[in-house]
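Record features, source TrEMBL:
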- A:67-93: transmembrane segment (TRANSMEM)
- A:105-121: transmembrane segment (TRANSMEM)
- A:123-416: domain 'NADH:quinone oxidoreductase/Mrp antiporter transmembrane' (DOMAIN)
- A:127-147: transmembrane segment (TRANSMEM)
- A:159-179: transmembrane segment (TRANSMEM)
- A:210-231: transmembrane segment (TRANSMEM)
- A:243-264: transmembrane segment (TRANSMEM)
- A:276-295: transmembrane segment (TRANSMEM)
- A:302-321: transmembrane segment (TRANSMEM)
- A:333-350: transmembrane segment (TRANSMEM)
- A:371-393: transmembrane segment (TRANSMEM)
- A:405-425: transmembrane segment (TRANSMEM)
- A:446-466: transmembrane segment (TRANSMEM)
Amino acid sequence: MLTVLLLLWPVAAALLLHFFKGRAARVPALGAALVEFALAAYAALTFNANNSGQFSFNLNWIPSAGIHFAVGMDGLSLLLVLLTAVLVPVILLSAFRRNFENESVFYALVLFMQTGLVGVFTAQDAFLFYFMWEVALIPIYFLAGVWGGVNRARVTFKFFLYTIIGSLFMLAGFVYLYFQTGPTADGLSAHNSALASFYALNLPADTQMWVFWLIFAAFAVKMPIFPFHTWQPDTYTEAPAPATMLLSGIMLKMGIYGCMRWLLPVVPMGVDYWQNLILILAIIGIIYGAIIAIRQQDVKRLIAYSSLSHVGLMIAGVFSLTQMGLQGASIQMLAHGVNVVGMFFIADAIERRTGTRNIADLGGLTRKAPVLTVCFLVLLLGTVALPLTNGFVGEFLLLGGVYQFNHWMGAVAGVTIILGAVYLLRMFQRVMLGPDSSFTETFTDLTGSELALLVPLIVLVFWIGLFPNTFLHLSEGSVMNILNEVVKR
Amino acid sequence: MNSIILLSVLGLGNLFLGFRRSNRLLLPVMMLILGGVLTVNFLDWGSTQSFFNGMLTIDNFSVAFTGIVLLTALVLVPFSQKYVLDGESNLAEYYSLLLFSLVGAIMLVSYNHLLMLFLGIEILSVAMYVLAGSDKRNLRSNEAALKYFLMGAFFTGVLLFGLALVYGATGTFVLSEISFAVQNPAPGFESLKPMLYIGMLLMLIGIGFKVSAAPFHFWTPDVYEGTPTFFAAFMSTIVKTAGFAAFLKLLVQAFPAANAQGIWLPTLTAMCVLTLLIGNVGAVAQTSIKRMLAYSSISHAGYLLIALVAYNGQLEGASANGILFYSLAYSVATVAAFGVVKLVADARQREDYNGLNGLAKTNPLLAFSLTVSMLSLAGIPLTGGFFGKFFVFSAAVENGYIGLVVFAVVMSMVSIYYYLRPIIAMYMRDTDATTAEAVPVTTFQAGALLLLAALTVLLGILPGLVAGAL
């Protein structure tokens with residue numbers, strides 16, 4: 001029941017938000033997001049890490065087709081629900097910095113999207129999963145499209161087409177699998193779409209080979225993996241900062257989570273067959289993203305490409321099919337979400353003050369804004385994966401997983417840390433150090449409320465870095481379950 | 001049956017209202033009539049009755065489709081305002097013609113005898129020929145009416161010819177008896193077989209024209225463009241819903257035999273593929289929203305044809321339910337789309353995409369309503385259109401038509417392109433001189449649009465309300 005509450009509360013709040021106009025919507029929107037956070041925190045506190053699915057709820061949604069509104073959380077779902085619940089208030093707070101037109105609609109869409117995200121992370125039925133997958137897409141399309149930059153119409157159009165075409169392939173795959181399942185318990189339908197029934201399918205290897213691509217298409221676009229990434233940098237750049245945070249902080253985790261929950265255990269033989277190819281693509285993405293990031297002049301684009309590179313490593317970890325790799329991906333999803341949202345917020349703070357995101361136009365911010373510098377540095381070191389920060393735990397485990405699978409791939413993937421340091425420190429150096437520019441002469445430091453927004457993120461950077469077991473402990477059971485399903489056949 | 005009688009009588013009564021020149025009264029009276037008949041219609045739910053020596057059968061199938069037809073008419077009528085109400089002296093006649101054409105539609109969904117099929121199509125069409133030309137002083141409207149009439153008359157002839165040939169081969173007009181005659185051939189039937197087959201094909205062509213299935217779709221874009229938008233919406237929803245119900249009845253009840261299927265199944269599959277291709281690719285190239293909606297209505301005929309191809313021999317089960325759900329979701333979304341397009345076109349005097357620029361700022365309700373309807377037509381989840389496609393496609397996959405479904409899925413990817421264009425115009429482009437002012441909307445229209453959007457979302461969240469009804 002708690003899961004249903006987590007699902008319905010944001011959308012209910014989004015509807016209620018229509019009674020508030022303009023700035024008056026800020027407090028209720030933030031309040032709603034904090035209530036959601038409290039619910040998620042309560043779920044985390046009462047969660048029993050030794051049991052698998054909890055807080056389950058099952059309703060016969062379309063009886064004639066055997067489709068159920070089945071939700072529930074295991075450790076992995078819980079981690080991502082927590083991530084969503086932590087980041088949405090932060091993202092809303094960051095939106096208050098800007099004066100958007102029709103603010104109440106903006107916040108309503110963010111909350112609406114939260115329902116979709118929580119739904120994706122908790123769905124236990126294939127069609128519910130697909131449904132929520134698209135529910136998360138519609139609000140972000142409008143967030144990026146209505147409030148975005150000059151090229152927003154073209155860029156978001158591309159984004160929408162890419163993702164929806166990818167997810168239609170996934171739907172086709174699900175429909176195919178659905179017709180391989182047995183009847184429902186009540187006998188009303190000849191087939192059902194429960195996650196457990198998909199796990200229990202024993203499809204022949206050659207079928208799994210092509211079903212793999214149908215399902216993977218949606219995740220590949222969403223994460224995105226090279227070469228399906230071309231929508232990403234443009235969309236990240238054109239979307240308003242809060243939408244970019246939603247996209248990079250939470251939405252791309254839908255793809256990685258999807259792989260872990262809906263791909264590996266469902267078509268294990270297909271995964272086995274394509275494993276090498278996916279790992280190679282992921283590693284190409286790591287290197288490619290990093291090299292392009294080095295050449296970027298736009299802070300937002302640089303972070304976008306860095307994100308591409310980091311996601312590549314997570315994909316590689318997942319497809320290494322090792323416990324280390326999957327655990328690394330789980331914790332790195334949290335870490336990356338925290339870091340990238342923080343980084344985009346700082347990029348946005350700089351842009352609001354100077355009116356530019358161009359690295360060449362910036363410089364010397366350290367002297368004007370020491371607090372901002374410290375925050376930026378912490379988040380940046382977290383992204384670079386310095387020991388004691390959150391990035392280190394994740395990347396260490398991920399690289400360990402890839403290394404276990406194949407030494408050479410592990411070695412090449414390890415380059416990500418070096419290249420990451422190169423482009424991030426280079427950006428830090430040019431933006432924060434060096435002489436002032438005409439843009440940065442009147443630069444002011446972070447305000448109290450901006451700091452209040454960054455503090456939870458920074459706390460998380462160290463918390464995950466110093467006590468990763470709080471989180472690893474949660475996901476361990478689910479990761480083992482997933483791997484058992486994979487190995488079983 | 002009650003709904004047919006009521007509609008006929010009230011249609012006549014409506015004519016008398018016209019004598020009193022009380023135009024103000026007409027719209028509320030129309031809505032009352034339609035709402036009342038809709039209620040009466042559902043009283044027949046759950047019972048099977050036969051009328052006129054078994055020529056008409058009222059069962060759940062016909063009640064459900066009659067419900068869709070009447071509901072569509074009910075929510076469509078408010079949009080007749082402005083166009084019809086302003087300075088039109090023969091208003092009552094138009095409304096009466098609408099009511100009479102609904103009688104034809106109801107006959108189409110409940111016929112049990114080929115003569116009733118023919119009568120239903122004619123009653124529906126003759127009214128539509130007149131209504132297509134109802135904008136008397138507009139050349140485009142005249143052109144549309146003439147085109148629709150000439151083509152329609154020709155294809156009615158084709159249908160009648162086919163009907164006669166089928167009668168010649170089987171000796172009966174009754175659906176179940178045709179099926180019996182085909183399955184249990186009488187002596188000498190072999191030599192009549194070509195006659196039966198040609199008759200079947202000609203009937204397919206005749207009905208295919210009415211539902212604008214390719215390659216008999218050519219009239220659609222031109223006629224929709226010229227016809228007053230209100231009646232174009234009527235054509236693309238009610239005529240299509242009734243036409244497909246009739247199509248399904250014909251195939252399921254008259255020609256289920258394997259030797260008959262061998263003829264119509266490949267033909268229908270080819271028509272389906274062609275319709276999907278022409279509808280979707282054609283819509284991409286349009287610059288006028290009305291023409292885009294015309295091609296979109298062709299493409300949706302293609303999706304519905306998939307359900308026909310995948311039919312399972314009964315007026316219930318996956319295929320019939322798929323058509324029912326799809327027709328409902330499609331009608332609801334299409335009425336909203338045509339409604340908004342009509343309001344905008346009336347106020348701004350333009351029908352291209354740019355005419356919608358900045359509508360989200362001037363008329364948030366219209367923009368929202370059109371967005372929901374476009375998303376539904378594109379088949380995006382959270383709208384009824386998604387589950388419509390879902391049910392139709394799964395009916396087809398269940399019966400092994402995987403290739404056809406793959407093609408249809410690719411085509412619906414194409415459709416996202418043209419359904420997003422109005423959304424982009426409304427939300428992401430700024431207003432210009434011609435689009436700066438808000439479009440006037442009456443209370444009835446706003447209410448109808450809200451109801452349609454709510455229905456679309458409701459169908460998208462709780463499809464179980466309608467799915468599996470048959």
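Any Cβ shown, glycine's included, is placed from N, Cα and C.
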Counting Cβ pairs under 8 Å that are 6 or more apart in sequence, does the total for the transmembrane segment (A:243-264) and the transmembrane segment (A:67-93) reach three or more?
yes
The transmembrane segment (A:405-425) vs the transmembrane segment (A:210-231): three or more C-beta pairs under 8 Å (separation of 6 or more)?
no
Pairs of Cβ atoms less than 8 Å apart decide it: which stretch in A:67-93, A:127-147, A:159-179, A:302-321, A:446-466 has the most with the transmembrane segment (A:210-231)?
A:159-179
Take the transmembrane segment (A:276-295) and find every residue of the same chain, 6 or more past its ends, with a Cβ under 8 Å from one of its Cβ atoms.
216, 225-227, 229, 302, 305-313, 315-316, 319-320, 402, 405-406, 409, 412-413, 415-416, 419-420, 422-423, 426
Under 8 angstroms for C-beta pairs, at least 3 of them, ignoring pairs fewer than 6 apart in sequence. Is the transmembrane segment (A:333-350) in contact with the transmembrane segment (A:127-147) by that rule?
no
Top partner of the transmembrane segment (A:159-179) among A:67-93, A:127-147, A:302-321, A:446-466 - counted as Cβ pairs under 8 Å:
A:127-147
Which residues of the same chain, at least 6 past either end of the transmembrane segment (A:446-466), have a Cβ under 8 Å from a Cβ in it?
86, 90, 93-94, 96-97, 331, 334-335, 338-339, 341-342, 345-346, 349, 369, 371-372, 375, 378-379, 382, 387-393
Are there residues at least six beyond either end of the transmembrane segment (A:127-147) with Cβ under 8 Å to its Cβ atoms? List them, or say none.
61, 67-71, 100-101, 106, 109-110, 112-113, 115-117, 119-120, 153, 155-157, 159-160, 163-164, 167, 170-171, 174, 178, 193, 218, 235, 238-240, 242-243, 246-247, 251, 254, 258, 262
